[in-house]
Structure formats: structure tokens, C-alpha cells
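Read the structure below first, then the notes.
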Amino acid sequence: MKIEWAVLLILLLVCGWRVEADGSDHRYKEGDRVPLYANKVGPFHNPSETYRYYDLPFCSPDHVTEKKEALGEVLNGDRLVDAPYELNFREDRESTTICKKSLSEEDIAKLRDAVAKDYYFQMFYDDLPFWGFIGKIDKDNLDPSENKYLLFKHIHFDIFYNDDRVIEINVQTDPNLAVDITEEKAVDVEFAYSVTWKNTAVPFEKRMEKYSKSSSLPQHLEIHWFSIINSCVTVLLLTGFLATILMRVLKNDFIKYSHDEESLEDQEETGWKYIHGDVFRFPKYKSLFSAVIGSGTQLLTLAMFIFLLALVGVFYPYNRGALFTALVVIYALTSGIAGYTATSFYLQLEGTTWVRNLILTGCLFCGPLFLTFCFLNTVAIAYKATAALPFGTILVIILIWMLVTSPLLVLGGISGKNSKTEFQAPCRTTKYPREIPQLPWYRGTIPQMAMAGFLPFSAIYIELYYIFASVWGHKIYTIYSILFIVFIILIIVTAFITVALTYFQLAVEDHEWWWRSVLCGGSTGIFIFFYCLYYYHARSDMSGFMQTSFFFGYMACICYGFFLMLGTVGFRASLLFVRHIYRSIKCE
């Protein structure tokens, strides 16, 4: 228990890293320099395709200083550098020139392409993020070929303060103060800015609430709660209906089998009791099966820890770096759970090559994730995007894997080997398996997976839109309590629907339920991936090879993780159920 609290304390410290104002306490005197960092630029509709701020020909200082960033910020694609504007505390400025720049034809072509793709910029001012567009297309003319491309050359900052602290910053761009870059010819541009300081009564502690308002406005909350209530009612009705049927059928089965025991011994048995000698026969590919259960258990633990940190307020708006840091650190620290679970279960299934099983467990999720990362990082390097991780960050991740993940995985495996737990089977397994009777097509694995995945997916699909709009867009998700409720509903429904399908499978004397329970439980992950296809084509404006690769590459890994996690939930629930029903009858 002490170890768990120590791990949690480390996570809170690590995940608390964020963009700080040079380590200051955010208090300033009049005229003090307030840290301002330019972060990145990129197409508004392609959130993964971002570039360094000075990749575009903006005014830059003689010596560009990069800010040191935490691991999560680098993984998020943040590359903070000194911005050219001087926004000293409570100093108003009127049309201050930054620089006069001669833009070549090549510069104009680059800027025109950026304006055409709705490029935006992001900056941080005293830890407050703000955004603005670099230009606009004047579409007054009916003929698209006559559109004008305008580059904003003047930015106005509205900054609000309370006593000696910065509370809010807003950016305005004036289309009247713009340069026409429609024709690709050299242009001389004078970039300028102005600043207005205003007093506000908003306290410093509430300055980040502005960024969460978009997700907590009354109409958004109503939609959220309506979706939750709708999901709960639908799920409770369906699960209640199934539970009633299942309990009644089971009760009849128990009565029937108890009467059978009192009747003649040569009476023919039918139903799930008939296969009591085969139901606990170990599955094929037991090493892979154990690795799936180990990896799924680790991912379930990871999800629970992430929700715990979210509910205590670690992931406040626009502290995305903390989420990525938490995912890396918690995954590394929970690898021992995967090793212990996989090895102990593998040995319960009378496996012999536990070392090979441990290696398989370590590679089952990390392997596809690593291959996906290598491909996508290569794409990002080719695009010269900020999503391309620096060599130092890759080295840090490799060191975490070598010095934390792998040793804990091995220690967990050794602990699992030494636990010497036996598989608790209430019935003896016969020497030879019974032949499974011919079953109709809808009893097959794929139709059963489709039925198993539909109900849990229907409970979460409304909430998926808000999550996707946050991860793959510019909306903010802050109502983690709702998300946690949805996650718990997902776990409960997955467990129940898998148990129900396992019973129906055993009732028709099909004893190969082990892999089926995993596949049925994890099928929600496949439904989520199909939702990705729908979201990409119908709900988003993402385009381009890089953005498409990042979206489908990383979503495929996330859906695969859901498959492992929910497959484990489905199997564990089915195993408890099968043990219970066979323990309740007399097995010879």
C-alpha cells in the first residue's frame, strides 16, 4: 500500500509540470517583462500538422532562444521559442513596429499557401495560451480565381490584470491593416502591434476557467447529462431485461439438473451441464491468451490511474503535456502488473515456457505502438513538423523502457512464477474433448462479436464525439466526472453482455468459450475504429497524408488498447460466471 501511495505521489509531481513563466510566481510590477513564447503554427483543421513558429517568414529576434520543455509537452508537439513582441506589465503600446521585412517571392508563396490552409498561431503569455490567424481569404467575388489573399501585419493585444497578476489575454487582427499577397511578387511589409491593459475583478485562481467554459456552458452540460441519462436508461433496460431472462433460465436449469441427479443415472444430459468435462479445458495458444490478459489488466489499471489524476484536477485546461507525461510514466510503472498477471495465469494453464510468454506480453501492445510511432515519426520528419520527436526525447523514452518498464515486467513475471497459484476448476476435465454440435451461422464468432460490441458502444458513442473534438480538434474536454461515469457504464455493460453470450454459447454445448469471451468483450474497440472512419469523413475537415496517417495510426493503437482492456474484462467476468454455475451443480 505504501508503494502505491509513493507511485501516486511521483505521478502527481511529474504530471504537475507545465509551461511556467521562467519559474516566477506570476507576480509583476509595472514595466516588468512578462514571459511570452511563440509555440507553433499550422492548418486549423489539421491539429497534428504543426510547424515551428519561425518556419514562416515572421519577424524574429537575432538569437532565437528555445524554452526547455517537459516530456509531455514535447510529445504534444510544443516547441516554445521567444516571441518578437514586448508585452511588459501594464505598459500600453500604440502601433509599435517589430520589424520591416522584405518578403521574397518564395516567402510570399509560402505565406499564401499558409493563408489558403487557414494557418493559425499559438503563443503562451504568462502560462496563458492564445491563438490567432495569420491571414484570411477575401471571398467577396463570385469567381474563386479572383479571391484575395490577405496577410495580417498588425496584431492588437487586450490584456486583463488584477493587482499584480495577469488574468486574461485576447488577440485581435484588423483586416484593414493587412497586406495583399495574392500575386506572387516581392513585397515590403512593416509588422507592428499594439497593447491595451485593462483592470478586471476576476481572481488569479479562476483565470483558467475561461478555457473550460466552452465545455461547461449550460447547453453543453444539458447535452452531456442527457446523453449520460439516455445511455444509463437504455443500458439499464437492456441489461435488466437480459438479467431477468438469464436468472430465470439459470434457476430453471438448476432445478432441472437437481431433479436429474435424483432420477435415473442413464438419463441423457443436455445443455451446459452436459459439457462440464470440457468447459475448463485450457484454450489453444495459451501463451498468447495469457499475454492478452496481462496486457489488458495493465491497460485497465492505467485507465483507472488516469481517471484518478483527472478527477483530482491534474489535467486542467491546456495542460496537455501532463496527460502525455502521465500516460508514459504510469504505463512504465504498471508493467509489473502485466508481467505478474500474464505469468501467473500462464502457469495456471500449465504453460512451461514462461520467459517466452513474458517477452510476448511485453511486446503485445508496445510492439504495434512502436512500429506505428516509427512510421508516423518518419512522416513528421519528412514534413518537418513539430510532431517529429527530437533524438533526445526518443532516447528518454527508450531509457524509461529499458530502466523502468522492462525490469518491472521481469520482476512481475518472477513474482507471478513464485506465486504458485493453481487454476480453480470446480469440475474435472475429461481426457478427450467432446465434439461441438453443428450450430447456425449467427452462433459464429463474428456475429457474436457484432452483438457483443453494439450494446457497450451504444452507451458511449455520444460521448465519443466530445472526446474526438478535444483530441483531434480545438475543443476542450474538462468534465471528467461524466467521462468516468461513461467508462464505468462501459465496463459493466461489457462484462454483462459477455457473460450473457457465454451462457448462450454453453447452453448449445459449445465449450470453446475462452477466446470467444475475449473477442466478444473486446469487439467494442472495433466499433470505435469504425466510428473513427465516420468521424474523419463526416464530422471533421482533416485532410492531407500526414494528418490522415496520424489520425488513423494512433486511433488504431488506441482501439487496439481498448480491445485488449475490454477483452480482459469480458473474460474475467465470464470466468467468474462459469465457475459459479458449475460450482452450483454436482459434477461427476
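These residue numbers are counts, starting from 1, taken along the chain as shown.
Cβ from N, Cα, C; glycine included.
Automatic prediction, not curation, is the source of TrEMBL annotations.
According to TrEMBL, the feature signal peptide maps to 1-21.
Here TrEMBL flags 223-246 (among others) as transmembrane segment.
Taken from TrEMBL, the feature transmembrane segment applies to 288-316 (among others).
Beyond its flanks by at least six residues, the transmembrane segment (322-347) meets 7, 10-11, 14-18, 70-73, 75-76, 286-287, 290-291, 293-295, 297-298, 301-302, 305-306, 309, 314-315, 354, 357-358, 361-362, 397, 400-401, 404-406, 408-417, 419-421 of its own chain at Cβ-Cβ distances under 8 Å. If you look up TrEMBL, you'll see 322-347 (among others) marked as transmembrane segment.
Only residues 6 or more beyond the boundaries of the transmembrane segment (359-383), in the same chain, are considered here, and those with a CB under 8 A from a CB of the stretch are 49, 287-288, 290-292, 294-295, 298-299, 335, 338-339, 342-343, 389, 394, 401, 405-406, 409, 413, 545-546, 549-550, 553-554, 556-557, 560-561, 564. Positions annotated as transmembrane segment by TrEMBL: 359-383 (among others).
If one looks beyond the transmembrane segment (389-411) by at least 6 residues along the same chain, the residues whose Cβ comes under 8 Å of a Cβ in the stretch are 71, 74-75, 328-329, 331-333, 335-336, 338-339, 358, 361-362, 366, 377, 380. Under the heading transmembrane segment, TrEMBL lists 389-411 (among others).
Residues 215, 224, 227-228, 230-231, 234-235, 238, 475, 477, 482-483, 486, 489-490, 493-494, 497-498, 501, 519-521, 523-528, 531, 535, 539-540, 566, 570 of the same chain sit 6 or more residues outside the transmembrane segment (449-468) yet have a Cβ under 8 Å from a Cβ within it. The transmembrane segment annotation in TrEMBL covers 449-468 (among others).
Marked as transmembrane segment by TrEMBL: 480-501 (among others).
The transmembrane segment annotation in TrEMBL covers 513-536 (among others).
According to TrEMBL, the feature transmembrane segment maps to 551-578 (among others).
Note on the transmembrane segment (480-501): residues 224-225, 228, 231-232, 235, 239, 242-243, 246, 303, 307, 310-311, 315, 448, 451-452, 455-456, 459-460, 463, 467, 516-517, 520-521, 524, 566, 569-574, 577 of its chain, located 6 or more positions outside it, place their CB under 8 angstroms from a CB of the stretch. Sequence-distant neighbours of the transmembrane segment (288-316) (same chain, 6+ residues past either end, Cβ-Cβ under 8 Å): 8, 11-12, 15-16, 208, 322-323, 326-327, 330-331, 334-335, 337-343, 345-346, 349, 351, 357, 360-361, 364-365, 478, 480-481, 483-484, 487, 514-515, 518, 522, 561, 564-569, 571-572. Within the same chain, residues 48, 279-280, 292-293, 295-297, 299-300, 303, 364-365, 368-369, 372, 375-376, 452, 456, 472, 490-491, 494-496, 498-499, 502-503, 506, 513-514, 517-526, 528-529, 532, 536, 542 sit at least 6 positions outside the transmembrane segment (551-578) and bring their C-beta atoms closer than 8 Å to a C-beta of that stretch.
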